[in-house]
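Per Swiss-Prot, the features are:
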- 1-203: region 'NAD(P)H-hydrate epimerase' (REGION)
- 10-205: domain 'YjeF N-terminal' (DOMAIN)
- 62-66: region 'NADPHX 1' (REGION)
- 63, 119, 155: K(+) binding site (BINDING)
- 123-129: region 'NADPHX 1' (REGION)
- 152: (6S)-NADPHX 1 binding site (BINDING)
- 210-473: domain 'YjeF C-terminal' (DOMAIN)
- 210-473: region 'ADP-dependent (S)-NAD(P)H-hydrate dehydratase' (REGION)
- 298, 412: (6S)-NADPHX 2 binding site (BINDING)
- 348-354: region 'NADPHX 2' (REGION)
- 382-386, 402-411: ADP binding site (BINDING)
């Protein structure tokens, strides 16, 4: 499990540790870790360290000090080391003295012969885009294709929201210290490496599942399980206009777990043609017993659709509401607010705005938390980084790392997967987070099949790769 910490939590832990250490020890510890990561990166990219050239772009404060000390350690290992000082009057003095003593050079610009650039402009206390001088330096670096290693986070990216509102560093690798921050999931920070500097941090309430966590959560049939005890997923989706939504949603539920899927709606003929193992009927009341309901994908907003939404939400079962279900729910939020059973809402940005009255904005984590608390429901906000908020509980971040899931019908697939996990008994937030993780993996695998390169994919192909994604956990 990944834990993401606020800047305040990191600063509090640093203050406690700094009080117990001699002056400068913590900075050197961080810089040594940074230099060690850079040594490995240089070895991979260039075959070694000796004779290679690094350049630290140095801002004021401790972030610049980390970069200078790291460049000093690299110089001592045989690399040529340069430094561009963006604010010479406010540079970390002790680090600069050590850098010069080791033979480092102060330069005006990054040399064309540079093998790697260290971004030490601003750290986790900074905000806003790069200032003109730094922006000019990194524009040249970007044009030259020299890889950048960022210290703590790529400068110019908002540390809280991950939003970029102007010039920013594009890093191949980010090295951070003590604990991950939400920005490392919310923004493109390249590969992220965490260096342990001895901070004593509690568990956080912003989390990220890893493959081992998902494997532990995902239901596996026990020796004495049958199709009923594994969970029966009910699906209320599709219409004469969008029968494919029903096919995709039920297919994803079939692929996600080994229990049973029941479908109720007008697309039952198409569903059975694709998935003969599904038990299909024309109406919810005829569907039979289930352990969860998925309602909304392709359902429409007519009287029949409204009745289906009412039917599901008036049960005492876990319910996932998506797509057209969210549109109807926006007009009748009391249907969810008064529920005692688990409810999962899975909006994209426009659907979120209808539910909340305003778009999620830059602070997607804060907005998702607020909506979850106001509705008393687990909210999954779709995007390249999926945000899942539990009312009064943790937030899960799932960075996809690619956008292959951004295709028509992809949300229908995700809904079916979450519904299957709810039927199997997983808590709502864990079901949503685990399904989002596997959903992103299935999208990537479907784009890579048959190879050798990635190609456009589709929601139908994603369904067929759910099991492959699960097997790879």
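Every residue gets a Cβ built from N, Cα and C, even glycine.
These numbers come from a predicted model, not from an experiment.
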Other residues, Cβ within 8 Å of 63, 119, 155 Cβ centroid (K(+) site): 57, 59, 64, 67, 120, 121, 122, 123, 126, 150, 151, 152, 153, 154, 169
For residue 119 (K(+) binding site), the three-state class that DSSP assigns: strand
The one of 298, 409, 411 whose CB sees the fewest other CB atoms within 10 Å, among these binding-site residues: 409
Those residues of the chain, 6+ apart, with a Cβ under 8 Å from that of residue 384 (ADP binding site): 399, 400, 403, 406
Residue 386 (ADP binding site) and residue 412 ((6S)-NADPHX 2 binding site), Cα-Cα, nearest whole angstrom: 15
Residue 119 (K(+) binding site): nearby binding-site residues from 152, 298, 405, 411, Cα cut-off 10 Å: 152
For residue 386 (ADP binding site): DSSP state (helix, strand, coil): strand
DSSP residue counts for the region 'NADPHX 2' (348-354), split into helix, strand and coil: 6 helix, 0 strand, 1 coil
Using Cα positions only, nearest of the binding-site residues to residue 407 (ADP binding site) (63, 152, 155, 298): 298
Lowest local Cβ density among 63, 155, 386, 403, 407, which the record lists as binding-site residues, within 10 Å: 403
